[in-house]
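Chemist: Got a structure here, written out as structure tokens. Questions coming.
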Amino acid sequence: MKSPLLGLVVWSLLLQLLQPGLAFWNSQISQNCHNGSYEITVLMMNNYAFQESLESLKTAVNKGLDIVKQRLQEAALYVTVNATFIHSDGLIHKSGDCRSSTCEGLDLLREIARQKRMGCALMGPSCTYSTYQMYLDTELNYPMISAGSFGLSCDHKETLTRMMSPARKLMYFLVDFWKASNLPFKSFSWNTSYVFKNGTESEHCFWYINALEAGVSYFSQVLGFKEMLRGNEELQKILKDPNRRSNVIVMCGTPQTMESLKIDWTATEDTVIILVDLFNNYYLEENATAPDYMKNVLVLTLPPGNSTINTSLSKESLQEFSDFALAYLDGILLFGHMLKTFLRNGENTTAHKFAHAFRNLTFEGSTGPVTLDDSGDIDNTMVLLYTSVDTKKFKPLLFYDTRINQTTPIDTHPTFIWKNHRLPHDIPGLGPHILLIAVCTLAGVVVLILLIALLVLRKYKKDNELRQKKWSHIPPEKILPLETNEANHVSLKIDDDKKRDTVQRLRQCKYDPKRAILKDLKYSDGNFSEKQKIELDKLLPSDFYSLTKFYGTVKLDTRIFGVIEYCERGSLREVLNETISYPDGTIMGWEFKISVLYDIAKGMSYLHSSKIEVHGRLKSTNCVVDSRMVVKITDFGYNSILPPKKDLWTAPEHLRQASTSQKGDVYSFGIIAQEIIMRRETFYTLSCRDQKEKIFRVEHPDGLKPFRPDLFLETAEEKELEVFLLVKNCWEEDPEKRPDFKKIENTLAKIFGLFHDQKNESYMDTLIRRLQLYSRNLEHLVEERTQLYKAERDRADRLNFMLLPRPVVQSLKEKGIVEPELYEEVTVYFSDIVGFTTICKYSTPMEVVDMLNDLYKSFDQIVDHHDVHKVETIGDAYVVASGLPTRNGNRHAIDISKMALDILSFIGTFELEHLPGLPVWIRIGVHSGPCAAGVVGIKIPRYCLFGDTVNTASRMESTGLPLRIHMSSSTIAILKRVQCQFLYEMRGETYLKGKGTETTYCLTGMKDQEYNLPTPPTVENQQRLQAEFSDMITNSLQKRQATGIKSRKPARVASYKKGTLEYLQLNTTDQDSTYF
């Protein structure tokens, strides 16, 4: 069965892709709604279901604008009011079908956003699909007026106004008419019905019948029996069936619909058909006659409106418009009425108040006064017509005012086709027979006598049980502690300590000879009141598979405990938190979730029908899971002993006044259901995380929509929506609108059939299937843990390889130690940033961290392409060595030289984000010689280098020049020895601290490869160089201020937007170094 709810879900996913555009569109609300010029945007879509041309709708809108302008002038308000028509060209969206209107609506929304043509309000769309998605995903902050949108999904939307009767109003009438038993022509209340659906209904009929079909709708919840008839074949079969379960059939259509069915009324004289045909003025015309096939039909329609007081709209001019076009016209008049009201009061028409003001009001429409209820839906008076057997005409039977939900009979002596001119009973074969009345009276007398006798016997039995003290019959010596091997249980959970602590607090014990839980009743003397004794006595006989067994009470030391059945898998809350043992993909699938909800509903249904009557503290921690994966309810029946608490599961009426009720348990079930479905924290909502604030907002609602958890309907599939709607019904603000657990149980049983094909499966089969699922999951979990261990081992290896050289890590893994080693010849590279202190002076600490991180990440990438080892970074210094820990002959000098050239080439292209235009200068020093290396320390071990070679390389860097590679003569000698084609120039004699004066060189490139090296600064004097660099920084800061470049936010540690952030990317800085 295809449901329109599926369309809503599919299109909501599509709409997520357009959120940026819609957000922009949402920001244009005040574009054409101020300074004396006010526009209404009219969204016109090709919907053939209404059989109305766009030109006719434009004519109706323009007619409404003329009236609005006239009324504003009469009120001395001289402003400009216009309409902007938005519609597609019909080239792409050709179907004109309501189900495909969402795509067309999205295109029109983008057109509005692109052209910035949004006015004060939006008129349209008319289809429930597009209206629901626009309201759901765009967070409308302006009034939206719709001529249509009949479906239940558009009910109670804060800024949506509907100008045609929605399905909700129809259901109110049907329920009131079904329950009426004191009308002159109806002596029985009805509780059954068939609903006919042939799949060819008009737009409004489609949504009316769909609402009656929904299992969670008001109509379905109230009726004891309801069945859908799909197609003429099923209808004819039911009409001819003498054992049918109802005489009443609801359908939507026209007299032509009835004629096409070709019903044989001679075989169905007790049948009553309610034909919903609201938008058809044919029945009340003077020359209208009722065909013979309408004699068993009651027609529900809307009477023609009263003549308008506006001389600009005559009856003749209104006849050219259909009800759909008149709804557009009335929408324009409503906009004009609200505009006049706000302008008179000097209020802002773009404010939040204007968007929520289109409700609870009456204005002058095209055919008379129009009233809107507190949800923004139109109220009107429906009329129920019948066919007179005398005149063969349609006559009014009753009026129904949707504003006050009141039925007013018009014809007290109708000339019906039915027997005695009264409507028949809804169940075939029932009626006011004298014999039946006599039997019922006699049975009532007998029942009354038996009831009196039962009450006397019950009172005697109760007093006798209280005297025997059955509620505290367990001697303390029968409560035994658990043995050691029983207390220690194997678990696959990694962090199981918390769970074991929770179990210990519950005081596990052994009783006859089962495991049990001791429930602290918080009484020290054991002197219960008579009410409390009665309450405890009711718990003993309760024995149901979805309830934990209560064994009695016991006094240990000075405290009283209840002895309750133990369930091995803990509470439902713990199971939901355990995502490893109970993953979503296998065990905790939708079928299992529905089964869990059914277990709870089954247990609560039994509990409510038992002597216990009410739970009072139903929550996910009071639902436990046994070894067979059956959910049981516990902690019930102590309402007079344990005072009620204000919890997230507590119903709002009980938060305001501490008490308990069955409807309050239904609310608690709704909160538990949301926990199970979402598998999140209790009462999960994105708008609030504080528990006390949640409880306060539930207890004190601040608007029409009460505060409830999030359900994320837009991501739900078709079958899941039935569950979501049931949950929403369970946490209704009005307790009377919540279903009882019997209805919840039946609804879940039907929903379970949608998820599970084996509908005739026994309870034992279901139980075995659950255990098989759990067993397969354990096997999968063991395999997954093995893979997880291997992945963690490999990740630890990768981390070690980032901290230490690979040979060093291998030695540590194999031997546990790393022997220090002396290397005859290695090449060490040092570099640091010129003017780093000056840059820090003009930068924030976070900007300095960002600068070093961006620079050294790029250095690390260059290092990966050469046979070198990064030793460490010390502040702005970067240290690299080659030739260790793996010796590479004379290649160490070649690799360091090539790496230095690559780094210097990169520096020429690097630019600081917070100081645009400022060049980054580095000094590079390289030296070759012997060196010792080894791992130092146990905690945060370091692979350190020792020797004069390291110090000399550092001196080469500190005495070098900006943007130059300063090399010692030993490195140049190695390069000459291997005959590599490196280009270098002699710098001359350079003084090195601790070594004296030596001849040094500058590496400038290679003969067979071009490097784009930056041009070094020409200033030789150090002081002039520093002054020039300071001027550059000052100019860069002025440039940043002039162009409005903002620095990075200092709230974070560093920016990693140029690369993937992984915990393997480490950056450590030591205060002291072993090299100096």
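Glycine residues also receive a Cβ, built from the backbone N, Cα and C atoms like all the rest.
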Chemist: Annotation N-linked glycosylation site in Swiss-Prot: match it to one of N348, N760, please.
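Modeler: Of the listed residues, Swiss-Prot records N-linked glycosylation site for N348.
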Chemist: Report which of N35, N1067 appears in Swiss-Prot with the annotation N-linked glycosylation site.
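Modeler: Record lookup, Swiss-Prot, feature N-linked glycosylation site, residue N35.
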Chemist: Could you let me know which of N191, N360 shows up in Swiss-Prot as N-linked glycosylation site?
Modeler: N191
Chemist: If you check Swiss-Prot for N-linked glycosylation site, which of N287, N527 comes up?
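Modeler: So the answer, going by Swiss-Prot, is N287.
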Chemist: Where does the N-linked glycosylation site label fall among N405, N577, going by Swiss-Prot?
Modeler: N405
Chemist: For each of N35, N82, N191, N287, count the other CB atoms within 10 A of its CB; which of these glycosylation sites has the top count?
Modeler: N191
Chemist: At a 10 Å cut-off from the C-beta of N198 (N-linked glycosylation site), count the other C-beta atoms across all protein chains.
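Modeler: For N198 (N-linked glycosylation site), the 10 Å Cβ neighbour count is 20.
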Chemist: Which of the glycosylation sites N191, N198, N287, N348 has its Cα nearest to the Cα of N405 (N-linked glycosylation site)?
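Modeler: Smallest Cα separation from N405 (N-linked glycosylation site) among N191, N198, N287, N348: N191.
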Chemist: Of the glycosylation sites N35, N82, N191, N198, N287, which sits closest to N348 (N-linked glycosylation site) by Cα distance?
Modeler: N35
Chemist: Summarise the model confidence on the topological domain 'Cytoplasmic' (458-1076) as a single mean pLDDT, whole number.
Modeler: 80
Chemist: How far is it from N198 (N-linked glycosylation site) to N82 (N-linked glycosylation site), counting Cα to Cα, in Å?
Modeler: 43
Chemist: Once the chains shown are all counted, how many other Cβ atoms turn up within 10 Å of the Cβ of N348 (N-linked glycosylation site)?
Modeler: 12
Chemist: Using DSSP reduced to three states, classify N82 (N-linked glycosylation site) as helix, strand or coil.
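Modeler: Going by the DSSP assignment, N82 (N-linked glycosylation site) falls within a strand, counted as strand.
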Chemist: Given N35 (N-linked glycosylation site) and N287 (N-linked glycosylation site), what distance in Å do their CA atoms have, once rounded to a whole number?
Modeler: 53
Chemist: If you run the three-state DSSP split on N348 (N-linked glycosylation site), which class comes out?
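Modeler: DSSP call for N348 (N-linked glycosylation site): coil, neither helix nor strand.
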Chemist: Between N82 (N-linked glycosylation site) and N287 (N-linked glycosylation site), find the distance joining the two CA atoms and give it rounded to the nearest Å.
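Modeler: If we compare the Cα positions of N82 (N-linked glycosylation site) and N287 (N-linked glycosylation site), the gap is 41 Å.
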